[in-house]
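Residues or ranges marked as compositional bias 'Basic and acidic residues' by TrEMBL: 1-16. Sequence annotations record features per position, and here TrEMBL assigns region 'Disordered' to 1-20, 333-357. TrEMBL lists 41-61, 114-135, 142-162, 168-188, 221-240, 281-300, 363-388, 403-422, 458-486, 506-539 with the feature transmembrane segment.
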Amino acid sequence: MAIGDDRAPPRGRSDSPDEPLLDGRVGLFEMRNRPRRDVPWLIAYLLLLLGALAGGVFAFMHRNTRFEKLVTPESMSDPHLCPIDATSHAARRLLQQGPDAPSPFDFDLFMRAAGMWAGASVGGALLVGLLFVWLVRVSPGALVATALGLQVSVPAAVGILALTRGSVGAGVALLGLAGLTLLVFILWKQQVQLVTALLGLAGRGLSANPGLVPMALGLQLLALGLLETPLLLALIGAAMNGTLAFNPHRADRGAAESPEQCVDAEGDSVSCCVWKTEPWVPAYMTLAGIAMTWTLFLAFQIKLYTVGGTIAQWYFEPVSAAAATDDDMYHGGGGASSSSADAANGGGRRTTARRRRSRTLTALRFAAGPSLGSLCCGSAILTLVSMIRQAMEKARQERDRNLLAACAAACCSLLLSLLEFVTRFATVRAAVTGEAFLTAGRGVVQLLKRNAMDAFGVWWLPPMIIQSCCFLLSASWAAAVSLLSYATTWRHQAHAASPHQASVSAWLTALLALLAAWAVLGFLGSLLLNVIDALFVCFAMDRDLGQVSAPEVHQVMGKLPSVGVLVQQ
């Protein structure tokens, strides 16, 4: 009988070979019985990935080598390059006509001088990320207060600036927004304090498992470098398989002799030529797009699974081992008392350090081995959700909305959000128990239903605070980089190009710094949310059996909406 059933199974027994045994040495975390799960999903993903990569090789080998010359504005505007009766062979032999128009911004000059600032932007973003993690671990209250304060002060400052410049309507609206935001945070003081406590737990989980950050970062870079980049190049290569063709919107029927004569039926100027891809390209690009999306979600699933497995091992760790971990973490391994304990335990500090490192490696080994098929299943569900949302958004843009369609879209969005929520928690449960994905999904639904914990899934405050804090810190770093780079570098190069060279260069540097900092902080913020989700699932499983493995986690999680404090049996 699985954990998700209504009756809890005896510890260490299983009524079915499909249900994992629970290892009492690590609480509810399954260490031994982890057979391969959901293998057909793994095979389906590998076949799709190999097909997309093979198609990319074909597309690259058969691309139009004159693509870059044919898609320039000059070529697109020349009616002689795309006669109405042109063949593919003739179109492939066309050459570019005329040079590019000069640009008021010298991009080459920017790239020659931007190397130092590009490195400084990325390096500074990493330092901002380290500061973010340190604040979460040491003073989560200060981090939350800063995020909330910025959400109030920024619109208030912009509103005051608007009033001083005569924009009364905009200024009053912004000041009203700032006041309303402040009122909401005052009324929700207890919820904000709860978010602070949750962030403190997440920071402690990351500190106790320092291998999580480099592991998660390595997974993202591996997925991006080894899989996403080749698929992206394959898409670009597929788009290059085609020719210039006569624009079907032209009304001159091929009689135009100059770009000005290429007009539509209403007399408006249109492009003389269009790029027409080969007939097989749209189908392949759909296939490669699905492979890219599935791969991206698979990387996220592996990260969430590894975080969930690592945190579960830490959560269900025996109290004595956890105490030794906390002593090393908070006292730095120094002091006479810790030295005596190490001597009594035969070098316990080194053993504890190895244990902390092995948690992440153990969870990653399970993710890349027995549960990889389950993660392919979960990422396939998320890919389907993403495709449905894209179709809904496309339909919304192309068609007029009516009340019935709006209600249907709202209901569908709610169901998709619920499916994402269940998928996220099912991944954590699979990391703990080693179950198949759909079994873990049914189990986590029953688990939350039995313990009346449904409100946590729709509680939007922790993600909102973390994401807004990440964005505001990123924007602050970008503004600092922009001002510093303008003062020290770009304003001295204004004479070398157009008068706008310095300001445009400063804006591009700020954009690079913003993207770098937002990527780093967004990654760390998502990691913190993954830790909170993992702690919640461990708490729910613990509570379902009437036990308290981590009292400090129970003390915080018991204050969540619709949960309540457990009376230990």
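Glycine is no exception: its Cβ is also placed from the backbone N, Cα and C atoms.
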For this session: Look at every Cβ pair spanning the transmembrane segment (458-486) and the transmembrane segment (221-240), keep those 6 or more apart in sequence, and say whether at least 3 of them are under 8 Å.
Result: no
Seminar exercise, completed: Top stretch by Cβ pairs under 8 Å to the transmembrane segment (506-539) (candidates 114-135, 221-240, 363-388, 403-422) is 114-135
Seminar exercise, completed: Per the Cβ under 8 Å criterion, with at least 6 residues separating them from its ends, the transmembrane segment (221-240) contacts 49, 52-53, 55-57, 59-60, 63-64, 67, 277, 281, 284-285, 288-289, 291-292, 295-296, 298-299
Exercise. Same-chain Cβ contacts of the transmembrane segment (403-422) under 8 Å, 6 or more residues past its ends?
Worked result: 381-382, 385, 388-389, 392, 396, 441, 444-445, 457-458
